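Notes follow once the structure below has been shown.
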Amino acid sequence: MSLGGISVLLFVMTTALLLQSTTSLRTGDRSCVGRCGEPFERGVPCSCDFDCTKFKQCCRDFRRACTSESSCRGRCEEPFRRGRRCHCDSTCVEFGECCPDHGEFCTDKTPEEDYDYSEVSPAKSLPVQLAQAPSQASPLEENVEKDQQGDQPPPHKKTPAGTDNKEQQAVALGDPIKPDKSEYVDGDICNERPVSGITTLPNGDTVVVKGPFFWNLRLRIAPQRVSTVWRVPSPIDSMFTRCGCQPKTYIFKGDRYWRLDNGVPDMGFPKLISQGFSGLQGPITAALPVPGEKWFPEHVFLFQGPTVAKYLFKKHECRASQERIHLQLRKRHAVDTRSSKSQVRFGSIHIHWKGFPLDYSSVFTRPMAPAVPTARISYRHFVVVKDSYYSLNMRSKQVSKKPEGSIRRDLSCP
């Protein structure tokens, strides 16, 4: 064989070996054999880490190669399927069908870890012009249909206005809560102090927070101290109540947050905002919850002065329990919440709402009573500026030029 023929033969053999090696590598990238538990890596066709089921990024043979029918390792939040020995979906605890190690691998530390950091945007819009309050009925005064008949707010221990009880206000969180030293100690709701929070509890009661006190607009009882009843240092920065199937109330103060269940403090709080909300640092100056619809999931806007961050709740949270109870269908829905800081989009706050005022003191979401009892409850959104509040249109992304109502009027101030 000539020298040229030998060169051609060597070239062909080398090319064949390279193609075989490349094919083998590509095939290996699509299989979990020998890859179970390896860390997630972007750019790989499929993953074999034990969270890939949650993000729907597993290789086709992940279940066969890396999981066991009697363990939840690598199976957390997988869809329910009949005939399995045990289950690892998000509601298996409710039905007593979890695998023995479900708590070890699948129990979340806090429900707020279900958030997905979506976007942060600095604000540059101009404040709207204040106008006289119109005479129509205020959204704060409208009745809301109760989810459960006969729901009453939890009993609270009344504290005389103007009394500082250090033992009641102390909280075992390192440093105890110090009594509020401001001049606003008489519980006067008509004081000029700005509103720091307005929210509607799951039982339909609307509460307004000003300084160290909060008021229940339906009960019209004496003001109660935030630090005594809710065990949160006052004054708070902001608060909101979720609009979905888990209507917990969140209160922000400094770099920490607290959680309430229908006005009753949850155990294990406070927690750091950076741990529960994807690294976001406090303080949170305002929070606006938005209910989920068919085309977008439940979410909340968290404001920090002129900036806003949007967090998404998982779509399947409510659907899972509803399907099991009402339809007896075991379908599960999940969204890929895996993201990185490089994927965060930046822009100005007027991308969300044109004319958003920079001198706001609070924002709030108000459930509105449906015209038909069987209809779904709708929601309206507002931003508070001094004594007035303005409507936020979530579809047109605009803030009303004229105020919808007056805080002082809603609170029956002279």
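Yeah, the Cβs are placed from backbone N, Cα and C, and that goes for glycine too.
These figures come from a predicted structure and were not determined experimentally.
Database features, via TrEMBL:
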type	residues	note
DOMAIN	28-67	domain 'SMB'
DOMAIN	68-110	domain 'SMB'
REGION	117-167	region 'Disordered'
REPEAT	233-280	repeat 'Hemopexin'
SIGNAL	1-24	signal peptide
DSSP-derived helix, strand and coil totals, residue by residue, for the repeat 'Hemopexin' (233-280): 4 helix, 19 strand, 25 coil
Counts by DSSP class (helix H/G/I, strand E/B, coil) across the domain 'SMB' (28-67): 11 helix, 2 strand, 27 coil
Confidence summary (mean pLDDT) of the domain 'SMB' (68-110): 78
